Amino acid sequence: MKIGIIAYQGSFEEHYLQLKRAFDKLSINGEITPVKIPKDLKDIDGVIIPGGESTTIGLVAKRLGILDELKEKITSGLPVMGTCAGAIMLAKEVSDAKVGKTSQPLIGAMNISIIRNYYGRQRESFEAIIDLSKIGKGKANVVFIRAPAITKLWGKAQSLAELNGVTVLAEENNILATTFHPELSDTTSIHEYFLHLVKG
């Protein structure tokens, strides 16, 4: 199994280490590769779009010609996990808590609506315990950094975990979106769930 991680910015290293742990836990012989240009998408079984700044990631991906290719592969069934800014990239509708609608480049493959900076600047980062029973796991302490929120889901998109009634983990077919940073968590639960998604 070969997993690609979009490597423009964001926590590539942390996702790499968390994936390695998940591979070990599930006894999977896995390979992890950085993805920057279209040819890097060749022969991968799944892809992770990490956190960072979603507008920057989108603009760089567009400039390097990978944005449309990613969208095509994801809509054709390539398993993807987007975390924080990565979840924003996957959403069909994006607005900002302060400035309203945005016109940033998006993959836009998932039937969710996201509000950027949902918790406000005063809550730059915080930790919270969420219930992962819908993915067959227990409670987990997770990290939110300038986090967005999934405020609406439609079609086949479904909420897998909430915080105070707001969706923080969602799935639609081959797509997994988290508004928190699972790579900074003590548990590999989210990465393990993603690998199950990849295995099919």
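Positions of Cβ are set from backbone N, Cα and C atoms, glycine also.
Database features (Swiss-Prot):
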type	residues	note
BINDING	G52, E53, S54, R116, I145, R146	L-glutamine binding site
ACT_SITE	C84	active site, nucleophile
ACT_SITE	H181	active site, charge relay system
ACT_SITE	E183	active site, charge relay system
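A simple way to gauge crowding: the CB of R116 (L-glutamine binding site) has 23 other CB atoms within 10 angstroms, across all the protein chains here. Look at the residue listed as 'active site, nucleophile': DSSP puts it in coil. A sphere of 10 angstroms centred on the C-beta of R146 (L-glutamine binding site) encloses 17 other C-beta atoms. Reduced to three states, the DSSP call for E53 (L-glutamine binding site) is coil. A simple Cβ count within 10 Å picks out one of the recorded positions C84, I145 as the most packed, and that one is C84. DSSP classifies I145 (L-glutamine binding site) as strand under the three-state reduction. Taking each Cβ in turn and tallying the other Cβ atoms within 10 Å, the top scorer among the recorded positions E53, E183 is E183. Taking the Cα of G52 (L-glutamine binding site) as the reference point, the closest of the active-site residues C84, H181, E183 is C84.
Residue pair E53 (L-glutamine binding site) / C84 (active site, nucleophile) shows a Cα separation of 9 Å. Each residue contributes its Cα atom, and for C84 (active site, nucleophile) and R116 (L-glutamine binding site) these two points are 9 Å apart.
Rounded to a whole value, the Cα-Cα separation of H181 (active site, charge relay system) and R146 (L-glutamine binding site) is 10 Å.
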